[in-house]
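J.: The UTP binding site annotation in TrEMBL covers 107, 170, 202, 233, 376. Per TrEMBL, substrate binding site is recorded for 203.
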């Protein structure tokens, strides 16, 4: 009982604070804020109900054999590709900033390959489909308040491309003071210190925001049936005609409403969410939901063999139904942060894949690793800029000149973290066709036309610098100490 009273007290204090915040809004912002706050209060209410990890470890089962299909098994092209494509819209999650790579502004505007940004490549891919099959697949961008303005400025550049582009915005929620459990911001403004008080609540917010924007209804009215959702920084997430065909060719009663593309875990993927069977439903299990005692087990490659690529195919009609019946249920991710002034806050988030358990006939498809090519760091960027990949119609594919299909393991040290700095350290991108493993640490630069093969480890000691001379070929080498090549 005591806890119930506490909860009600926290909720009513939160409500009062939100009303005060709302009173600082003006004009058109009032309605937007009101909608956001309604969603936030629902999330906060659920946050106060739940204690401890949201899964009971003993109830976790491996998914039944037929609930995760191998990609080979579902392969097959539709009789009419254009008819299938006209039932599809492509949604890219575009809420993130390029801060982890030392860039200002939306991550999707970072150049990835021959002057093309993530967004350029996406537009090229879809335009290629629309031209080739004479279709009208639209691109939908889910922006956040962090990326909306900059993204919209850039969109003018695509007016004469054969792709309709729509955008909608994620919600904007107030961060919560960890001690008082009250909102951090003092007014709805975003200027100066104020911007620190707000956050976009994770990509699980797509369902409510998409529905509220009116765009979902509009696409349904245009005859669209499915959306293909993926992270804009996953360069492997291209429209796959086989998966699309599998979805649209099923008999009406057994229509699959949700497909999650999963792929085999490697040692590098131990943190990725995995699919489990729980209470008779397919469910996404994220590392944040795992009780401390079982984290090592979760990371093991033997028990949980696959992970979620966050490439998802979802029925529009099903999203509409679940939203209207208020049956969309996703576990809350509590993300602790420390603000610049040292204030400890929490932000409540949800993940788009966690809703899999709400949809009918949900299915995992175990896809080739090539459909998961995320660029999170400059180490990833080095791979996709190199001759390991070729670029065709906006899609990157592994070069056939590479003997084995695995991607090399690249670890660039802290001197390479920021994109600008990384670019100055390579006069040209090395030939990496025969590379297995590259580790670089310290103050290292690469001259033109360097070739790296096998395992290469380059470590410059503190205060030293290593310049790899132009035209060098390093095969299974460790370079350390000080190698400074000066102009004579």
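Every residue, even glycine, has its Cβ placed from backbone N, Cα and C.
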J.: Please report the Cα separation of residue 376 (UTP binding site) and the residue listed as 'substrate binding site' in Å, rounded to an integer.
T.: 17
J.: What's the CA to CA span in angstrom from residue 203 (substrate binding site) over to residue 170 (UTP binding site)?
T.: 8
J.: Let me know the largest Cα to Cα distance in Å among the UTP-binding residues 107, 170, 202, 233, 376, as an integer.
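T.: Between the outermost Cα atoms of 107, 170, 202, 233, 376, the distance is 21 Å.
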J.: Select the most exposed residue of 107, 203, 376, where exposure means the fewest other Cβ atoms within 10 Å, treating these as the binding-site residues.
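T.: So among 107, 203, 376, the binding-site residues given, the one with the fewest Cβ atoms within 10 Å is 376.
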J.: Quick one: give me the count of other CB atoms within 10 A of the CB of residue 202 (UTP binding site).
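T.: Around residue 202 (UTP binding site), other Cβ atoms within 10 Å: 23.
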J.: Sequence gap of 6 or more, Cβ distance under 8 Å: name the residues on the same chain that satisfy this around residue 170 (UTP binding site), in order along the sequence.
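T.: Listed in sequence order, they are 95, 142, 143, 144, 145, 200, 201, 203, 205, 206, 209.
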